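One structure below.
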Amino acid sequence: MAAVGASATPLTNTKSTAEPVRPVANFPPSVWGDLFLSFSLDKSIMEEYAEAMEEPKEQVRRLILDPTMDSNKKLSLIYTVHRLGLTYMFLKEIEAQLDRLFKEFNLEDYVELDLYTISINFQAFRHLGYKLPCDVFNKFKNDDSTTFKESITGDVRGMLGLYESAQLRLKGENILDEASAFAETKLKSLVNTLEGSLAQQVKQSLRRPFHQGMPMVEARLYFSNYQEECSAHDSILKLAKLHFNYLQLQQKEELRIVSQWWKDMRFQETTPYIRDRVPEIYLWILGLYFEPRYSLARIIATKITLFLVVLDDTYDAYATIEEIRLLTDAINRWDISAMNQIPEYIRPFYKILLDEYAELEKQLAKEGRANSVIASKEAFQDIARGYLEEAEWTNSGYVASFPEYMKNGLITSAYNVISKSALVGMGEIVSEDALVWYESHPQILQASELISRLQDDVMTYQFERERGQSATGVDSYIKTYGVSEKVAIDELKKMIENAWKEINEGCLKPREVSMDLLAPILNLARMIDVVYRYDDGFTFPGKTLKEYITLLFVGSSPM
């Protein structure tokens, strides 16, 4: 059944005397309660951190620009700065150094280098957008070029670097496909024999490679697990810890603001069936951009994504099919006069939704940037229509073909709403040209969107089956291609792997748009991995997300 289009004619809210049967999900409650509401920001402490950062920041800048530093040490320094989440502070200086070093690259210079050094150099270039050739790893393969040399397995740090490097591979880079499988197998066999910080480094990488992790969490773990690497330059470690504590205060204040807003909106009272996940949603948005200048953007995007949670859970876990049709029509109309046609329990949400968007549009119109709000609103309407289509399929027992499922599933993944809402508060960088580029649906965006859909499906399909929800991508793939459940999951994982390669390609220079605009696209794919790699971390946040929220917002970094 085709998605319902925008309609100017209101549907009728016909009341039934019988109490409707509702697909209530009984989601677990919030594990945080009002913990983050009690935070009180002391701006003087933030100012102290900001002032304390100036000296080590200047010391790190001088190190990056040091003309006497050996090129391999310079690349190691840049890699460490990047892993610690400090790149944005020194972007011009770092790019100037990498431009020069990349032009000077000569494969012969790598012949005598060890695996660890080559891996660090490779990652430093690739993470910052420079396509260093993967041929630098050829020397570690046997003469027949079919397998890697067993001798390198004794260099655990080098193997770890090889594994992390392989996550940056592109399509056609077969040596890195082989490197990923080889290094992962060997590291898994060695991890229980390791001790100290190296054991922690390997465990963390096998759990989730840096490239697929949440930047703020990865930075925090790096200066905890890589003290030796950071200690080469005391100023870097000092800056990283001060930076983390500064950001933590800012972000705890943002979390308090959205938590208070959520409480004031009374969604848990008017729509008590929904998932109460304010810290989790804020964490998700923080994963898109952690830099101080995006504070307003995080608050706006968190609020819009919380609206999305209410909508999703209403469609999935409470509303009847008749109510879903009425609500979809009202969202298509986007007019307060449509409120009378929808059930009373969802009217407060509908009014708040319209009011918040109207206020956003009014604010950004003053700056000439209202189009980003309009794009977010239209994406919200699209997802409502997509949710309706899923509900119609569930209601009729229809299992869509895989291509049909994906066409609608990419919409209902919520990717489009979140990615466009993330742009709303980013400021002048979101120009008309940037919005046109987003609307053109470039390859990197398609790849990130696909990961968002399929990673979710692979992890949640059994839970959705048990709840009697619409078929996921796993079910549709099984039906369409007549394969087993295992084969279907393996094929979807291959699609996810290939999508990561396309994202990696899209982040390399020359880029279609600035990395500031590409970062949320890359980071949305990363956050999907964080939330859904091992379980449905959003519905059941007691594991990974609780760990991450505790790490970032409960307790500062010891100096």
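Each Cβ is built from the backbone N, Cα and C atoms, and glycine gets one as well.
Between the stretches 57-61, 192-196, 312-316, 367-371, Swiss-Prot puts its motif 'DDXXD motif' entry on 312-316. Residues 23, 25, 27, 271, 273-275, 324, 327, 346, 349, 387-388, 390-391, 414, 469 of the same chain, all 6+ positions outside the motif 'DDXXD motif' (312-316), place their C-beta atoms under 8 angstroms from a C-beta of that stretch. In the three-state DSSP reading, Asp312 (Mg(2+) 2 binding site) counts as helix.
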